[in-house]
Amino acid sequence: MSTTEPLLSAGNDGEAGKKNQSSSKGRRVCIDEALSSYAGEFGRWQLRHFVAVSAAWALEALHTMVIIFADREPATSCAAARCGDPCAGAGAAGGWEWAGGAPVASTVAEWGLVCGERYKVGLAQAVFFAGCMIGAGVFGHLSDSFLGRKGSLQVVCILNAAFGLLTAASPNYWAYAALRLLTGFSTGSVGVLAFVLATEPVGPARRGAAGMSTFYFFSGGIAALAGVAALFPRSWRLLYVVTSLPSLAFAVAVVPFVSESPRWYLVRRRPDDALRVIREIAATNGRAVPEDLTLKLDDEDEEEQGKDGGGGTAKAAAASASSGSIFDVFRSRTTRVRLVLSVLINLLASVVYYGLSLNVVNLKTNLYVTVAVNSLAEMPAYLLTALLLDHFGRKPLAIGTMLLSGVFCTAGSLIPGAGIMRVARMVCGVVGIFGMAATYNLLFIYTAELFPTVVRNAALGCTAQAAQMGAIVAPLVVMFGERLPFAVFGASGIVGGLLVFYLPETMNKPLYDTMAGLEEGEKSVLK
């Protein structure tokens, strides 16, 4: 029985006629309102969906950070009474050998990537992030169009597993580098796809905290990788096999059982599928959706007015709503400015985050323990931003965390690296990565809220490309020594924080579905 029937039967005469007419049309709401008023903003359905989808972040961590262990340079030992310069000839010719007698422990040991060949290690890392940059844009567009969020995530996970297993069988360095490029192509969009698919069914009041929680899975994946790598220290090939199989298991055993985003269904003009997902959410959460409820896009009311004035306008609006590309982002001044700023901010944040992460390996401590501790040390930053996100807003928090990182990195560049001052510089680096880890996490939810559903993944793909470019630049910055990298990271953090001043606040704002809905919403705010 419909929840509106008692109301309909209560009226009489003209009043009853009006109510019956209203009932025949049904209640038309956007997805945010359907979630907050009827289905529930973050109940059992969203929790289960969020955890299942966000597990893909751990897979991205495995494929991204495995290079730390696979391409490490093992310790060497002198096999003769006297050993010469290890770079004067091959290691064995100079009297040196790899400690532990494990020539296949890493790519460096197997292919002799030392001395004049050392650049190849950095090259393999650079081409991986170049692949990430390309793949983020490609799959960002595909997920907004016909392939969808769920379909795109399944495809990239299968590709990750395939390319990772092929990497384990690389016959030489150049085949290895090429396969790392392909792995980057499929890995670069995993996080973005998982983030969007996990957070789009979440209500507006809970979306910020949910989005900020996704990075826990990434850090957890890095910590797990350190443990797995410690179990397979003598074979980089076996390590690639072990870190690739989880992606295949995820694509086969998890993705088929999660739901596609109702927002994607709606912008693709499949309202029945979108409403079906909303009803599933409500049923699992112990809520009820009225029988007469229908879903609408943000600008659907304007489209209906367009039908009265001319069908061409409505059809054009419908076509633009069902699919979007990065070109649509540039057609609007509002989204164009937001995208340019987001690209610059994400690039600068990535330079600082990855740069400080790479600087940590110079501590000369146990590699496995160091990586695990560093990944776990980022989690307090995620917790802090999640707690403060809905109190201070996205914009002030992004400004504060970027400036915090920038100021402490700048201070680190002014501290000499001798004696006790070395500890002070290390503290500056720890605070710097703490602030930038918080920023990096925050930027995902902030950037997603700046763009409407129809182009959200395309825009996020673009900013992810910028972040990958920053990841490519970061190792080059680290090569400049001890103090100059800190100065570069400090300047990047401060400039990035200042750029955030020009972005709008998105806290407690609707998550728009279409470009027209965003434009109308911005006009109403200005009024």
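A Cβ is built for glycine as well, from the same backbone N, Cα and C atoms used for every other residue.
All TrEMBL annotations are machine predictions without curation.
The region 'Disordered' annotation in TrEMBL covers 1-22. As annotated by TrEMBL, domain 'Major facilitator superfamily (MFS) profile' applies to 49-508. Summarising the annotation, TrEMBL assigns transmembrane segment to 121-139, 151-169, 175-197, 209-232, 238-259, 339-356, 368-389, 396-417, 423-446, 458-478, 484-503.
Summarising model confidence by region, the domain 'Major facilitator superfamily (MFS) profile' (49-508) averages a pLDDT of 82.
Outside the transmembrane segment (121-139) by six or more residues, the chain places 64, 67, 71, 73, 107-108, 113, 152, 155-156, 173, 176-178, 180-189, 192-193, 326, 458, 461-462, 464-465, 468-469, 471-472, 475-476 with a CB less than 8 A from a CB of the stretch.
Between the transmembrane segment (151-169) and the transmembrane segment (238-259) there are at least 3 Cβ pairs closer than 8 Å, counting only pairs 6 or more residues apart in sequence, which means the two stretches are in contact.
When Cβ-Cβ distances under 8 Å to the transmembrane segment (339-356) are tallied for each of 175-197, 368-389, 423-446, the top count falls to 423-446. Among the stretches 209-232, 238-259, 368-389, 396-417, 423-446, the one making the largest number of Cβ pairs under 8 Å with the transmembrane segment (484-503) is 396-417. The stretch from 175-197, 209-232, 368-389, 396-417, 458-478 that makes the most Cβ contacts under 8 Å with the transmembrane segment (238-259) is 209-232.
Tertiary proximity for the transmembrane segment (423-446) is limited to same-chain residues at least six positions away from its ends with a CB under 8 Å from its CB atoms, namely 191, 195, 199, 207-208, 211-212, 214-215, 342, 345-346, 349-350, 352-353, 356-357, 359-360, 363, 374, 377-378, 380-382, 384-385, 389, 394-395, 397-398, 401-402, 404-406, 408-409, 411-412, 415, 417, 460, 463, 486, 489-490, 493, 496, 503, 506. Scored on C-beta pairs under 8 angstroms, the neighbour of the transmembrane segment (175-197) with the top count among 209-232, 368-389, 396-417, 458-478 is 458-478.
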